[in-house]
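Participant: Quick one: the structure is below, and I'll ask about it shortly.
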Amino acid sequence: LPDISYLVRFSVANQIGEYVPIEPIQVSTIGEAPSAAPSSVRAEPTSSTSIRVTWDQPPSHTHHSNLIGYSVGIGRHGSVDESSYNFSNVETTVLKGESSSSRSIGSSSGGQVVLTRLQAWTQYQVTVRAYNTHGSGPLSAPVTVRTHEDVPMSAPIGVECSPGLGGGGSLLVNWLPPPAKDHNGNLRLYHLILSSFDYFTDTVNELVRHVSGIQETVNKLKPWTNYTVTVAATTRAGTGPFSTEIICTTPEDVAGVPSGLKVLQSSQSSAIVSWLPPNPPKGVLHGYTLYHRQPNSHKDLQYPLQPMYLSHTVKRLSQGTHVFWLTARTQLGEGPPITPVRLTLKENVAAGLSSLSTQMVSQQGQDIRMSCVTVGIPAVTPVWSKALDQISQDQRIRVGEDGSLMIQSVTRDDRGNYTCSLPHTVRGAHQLYKSVAYTLYVQVPPSPPSVLIAEASSSSLTVSWTVVDTGGAAVRTWALWWRADKDGEAWHTTEFGRITTKHTIRDLHCGKQYQLYVTAASLTGVSPPSTPLTARTSGSPPIAPATQNIASSNTTGAWVWLGRWMDGGCPITHYSLKLRRPQESSWTTLASSLAPQDVYEIGGLRRETTYGLQLTAYNAAGATTATVSIRTGPGLALSSSSAISDFQNDTSITPLHRDPRLLVSASASLLTLVLTVATIIICLKRRSSLDQSNKGNYDTKEAEENKKNLLHQPEGYYATVRKPQPVSGLLERIPENSEDICPYATFQGNTVKGDTKASRFQTYIYQDNHYGVTEARPQSSPTTQGHNRQASHGKRSVGGLRSESEEYDSMQSDSETEVVVSSRTESSNQLDSATLESHAHLHYLPVDRQINKPGIHQGHQELQRIRANTQNVHHNSSSTEPSPVLQRKSL
């Protein structure tokens, strides 16, 4: 199984018995990617733009290596393949200083992560998979979750209004819902707001309606009045932005009552009638009608008057009491009359003021005129005062010949209460006609708004504002201006209605700094801009991991762990990578625009060499550069998977018993040692047995039984081993006949079933000190083999002696009565001529079962039979050591 440690025990056995096994060694298999998905995946919304995902780790036996982390994928509902998901990695970590039961995000018992930057009221599918250094495991079953509702992102569209069916004070308002993609939830209601403005002040009268449909009839409004209309959609989360305000005017009605009426005797037979227009007018005034009833008369006189006039002189009046009243008219008709005023003519005409008290409004910089008409005999000059202080005339403020006060280019300081009165020397005037009061309103543009940053995200800024001084008139619109805080960047602007005092600027660059300001506008003009405000979207340049986690290396390569960088809140766009070779001062660019990925591999490095790596990560907020040194290791180069498995954890070192490089090397060395020792022991025992055989100590019956056992013995696995250097004291004991030489030593392996005759031969390179390197001949027919063998034997017999250090001994380990070749020379020829085959470093030459006890004189004949029956058995080996090359040895 992958990533499992095993205890391996080696022992050697033959017909005599089993030798004492050596101490077991521990061997670990190489890991694989996880084979199971995380379980109990749960997802719940935490806001309109975020989801919390939690999960449990896969069963431990399916990890196949230490888990590095988890990949959490999120996609729109209905995603069917992996490419539809957007994955983010969560590394496994344990909180330092905490107990083992306290795990941080991505702990060994599972993990959790909060996915952000999602869309409101959107259904998503979430899946999780574990990964280790060998790859990623399978995806868990998708879990469906929907984010919370949010306020609508846009306002209703197509707002329009028309006269309602309820008369002059009725409006019918229609609109359409916001685009479906901007609902952010279920639309529950609409907020309909109608606002009217006071002409003289900044007072705003609002009428709010909550409507479930997309139209509403609003009654009981003021006729012939301008209303601003705006609509906003509402979800459970709140009210979205309001639509752009439109101005709707209610239909006209009959004229209203004039605001004032004054009748003053101007001579013994005339009078001046003064009045003020209706407020509200309820329509366009088409004129006035002055009614006059003379004394002792039941007939009323009518005087049609133009709408631009506010006074009229009635002449040829008789003595007595006269009654006057006034009406105004629109296109819909004449309005109700004002309360009648009586005048009784007198012989002496008293002084008085015929003008009426009223309110006046002017915008800054305009010229105004406040009339003050005096009557009576003798004529008098009125006195003007402001707040009880008499006005001093100058070039800008003066009193005209008709008594009117004229102010040029009014300023806000000119606002206030003005009074025109008769001099104190005048006697006999009626109290109602002694003075006239004016209230002057001077409207100026609003003051600069006050701006605040309410919230900042990686791609948006939420701005709120207010104004301290409206300038005497209601603010009608706002304008928000912004641009990136960089020279040459263009300004962007968005205009809002009076009600909107907060806005979110979207689609900004992550981690960037912006400048912004707000202006307010009323009927008098636009305010100065607010103090420029500098704000930055959230996010910072990428954050580099710890130095030891940036890169790792093996003997000839390095791995740069790009996936370990944190994006700082802004997605990493690309990387650049540079390499500095030893004894060089300049950097070599390996990649200038490397796409984000988990790991980047660098190959072709020299062993045991120190290199410099300079890695720079870029995002919208900036760039971060990290410089580290890496050193390649000694020994054989490892594959990528081996190198990656050597880097299991950020802060831990791989235990020795889990290091595949060490295990492979140790296992191969130990196996070679064991086989060498076993071969020496077996060969020594075989020689002793063969010596006894030459002296005639064979037991025929026992040999036949051993031969029979051999014929039923399962086929085995064989390996060629190198014979150790001969000891000088033993050289004289080397026998000169073929029965003393054991060309092949074998050990019993796993049983391989099947017919050995179905096996194949392979060729091997054969090296001889005298003839050089020759290639073993392919399998041929027995006859051809024998012929070739004889020719080869004849040729080889002429050659020189072989090197003793190159000889190999081998034998059939499961039978001590096994037949060997007849002579030392013929044994060497067999080693030269026999066609060998190898698989995974093991070599096998089966012995002909028909040979009982060969003699010296039947060598060639028996060799033909051996060669004709020779077949190879395929086998497996766990050893990583290469098999030794067969070489000739000369004595």
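Yeah, the Cβs are placed from backbone N, Cα and C, and that goes for glycine too.
Owing to the predicted nature of the structure, the values given are computational and were not obtained by experimental measurement.
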Participant: If TrEMBL is the reference, give me the range from 33-60, 313-340, 733-760 marked as region 'Disordered'.
Facilitator: 33-60
Participant: Which range is it, out of 89-108, 529-548, 849-868, that shows up in TrEMBL as region 'Disordered'?
Facilitator: 529-548
Participant: What does the DSSP secondary structure composition of the domain 'Ig-like' (336-437) look like, as residue counts for helix, strand and coil?
Facilitator: 6 helix, 38 strand, 58 coil
Participant: Which range wins on Cβ pairs under 8 Å with the domain 'Fibronectin type-III' (445-540): 37-150, 155-253, 257-348?
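Facilitator: When the Cβ pairs under 8 Å are tallied, 155-253 comes out ahead.
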Participant: For a three-state summary based on DSSP, what are the helix, strand and coil counts in the compositional bias 'Polar residues' (45-60)?
Facilitator: 1 helix, 7 strand, 8 coil
